[in-house]
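Chemist: Annotation comment: Swiss-Prot describes D24, G153, G214, G235, S236 as D-ribose 5-phosphate binding site. Look at Swiss-Prot and you will find K81 tagged as active site, schiff-base intermediate with D-ribose 5-phosphate. Among the features that Swiss-Prot reports, D-glyceraldehyde 3-phosphate binding site is placed at R165.
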Amino acid sequence: MSNKGTERVKRGMAEMQKGGVIMDVVNAEQAKIAEEAGAVAVMALERVPADIRAAGGVARMADPRIVEEVQNAVTIPVMAKARIGHIVEARVLEALGVDYIDESEVLTPADEEFHLNKNEYTVPFVCGCRDLGEATRRIAEGASMLRTKGEPGTGNIVEAVRHMRKVNAQIRKVAAMSEDELMTEAKNLGAPYELLLQIKKDGKLPVVNFAAGGVATPADAALMMQLGADGVFVGSGIFKSDNPAKFAKAIVEATTHFTDYGLIAELSKELGTAMKGIEISNLLPEERMQERGW
């Protein structure tokens with residue numbers, strides 16, 4: 001019997017997170033705060049993206065001890081990041097029993113030409129995308145869940161908005177095309193034809209697509225849900241704020257009740273200072289994490 005997780009099971013696990021918030025944590029204490037706030041899963045890593053950005057150098061998979069401490073601290077699913085194309089980091093995380101692996105541009109890529117063949121793993125994967133071409137290539141490789149790349153560690157929502165709007169606009173374009181136009185569109189996007197055909201018929205991606213990269217306030221989370229996100233990843237925004245526990249609960253509530261503006265106003269009161277943001281135009285080309293991968 002194959003030890004590879006089936007596509008249906010992997011995608012079903014991602015569907016169970018729909019409508020929720022997944023939070024980056026670096027220790028057991030933060031993981032407990034996230035779970036108590038209502039997070040549907042946590043991402044265990046050594047440093048949040050803002051600290052990875054500030055430190056520079058090569059960012060790698062977290063120490064397995066951190067992953068195990070987080071696993072032992074919570075009952076919700078635990079995710080962890082592997083470098084793009086790093087087969088062994090992914091296998092190590094699979095051996096640790098994580099519930100999901102993020103093949104992440106937040107870490108320094110191990111392979112600038114090839115992403116992981118995620119179909120070969122039992123554990124499901126989440127990957128980032130900026131457009132429908134990237135989205136469908138990752139799905140073809142076996143990704144069971146997508147997220148916008150945004151610009152991690154900046155506290156600036158503008159790139160996540162751009163990526164979510166672009167993917168959804170391209171889905172609408174494909175859905176309106178005749179089948180004889182799809183092959184040319186597949187060529188233009190660098191997208192597998194069969195996946196575009198499925199997207200045309202269904203009018204949506206075959207996997208969930210969360211928002212990530214720059215979510216820093218309850219209003220940011222609600223905005224991404226209104227733009228069509230299936231849920232929200234929050235990296236640096238929570239534990240770089242003045243009051244992480246209160247901030248975490250507020251973002252979870254805003255994600256759930258994303259059209260209740262009165263509630264979002266109440267949730268946004270007296271949260272303290274949000275993380276200090278970065279203007280995207282001030283980043284050098286080599287500092288733009290979203291450019292990693294293809």
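For all residues, glycine too, the Cβ spot is worked out from N, Cα and C.
What's the neighbourhood like for these features in this structure?
Modeler: Take the CB of D24 (D-ribose 5-phosphate binding site) and look out to 10 A: across all protein chains shown you find 29 other CB atoms.
Following the DSSP three-state reduction, the secondary structure of K81 (active site, schiff-base intermediate with D-ribose 5-phosphate) is strand. A sphere of 10 angstroms centred on the C-beta of K81 (active site, schiff-base intermediate with D-ribose 5-phosphate) encloses 28 other C-beta atoms.
There are 13 other Cβ atoms within 10 Å of the Cβ belonging to R165 (D-glyceraldehyde 3-phosphate binding site).
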Chemist: Taking just the CA atoms, what is the gap between D24 (D-ribose 5-phosphate binding site) and K81 (active site, schiff-base intermediate with D-ribose 5-phosphate) in Å?
Modeler: 10
Chemist: R165 (D-glyceraldehyde 3-phosphate binding site) to S236 (D-ribose 5-phosphate binding site): how many Å between their Cα atoms?
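Modeler: Pair distance, Cα basis, whole Å: 22 Å.
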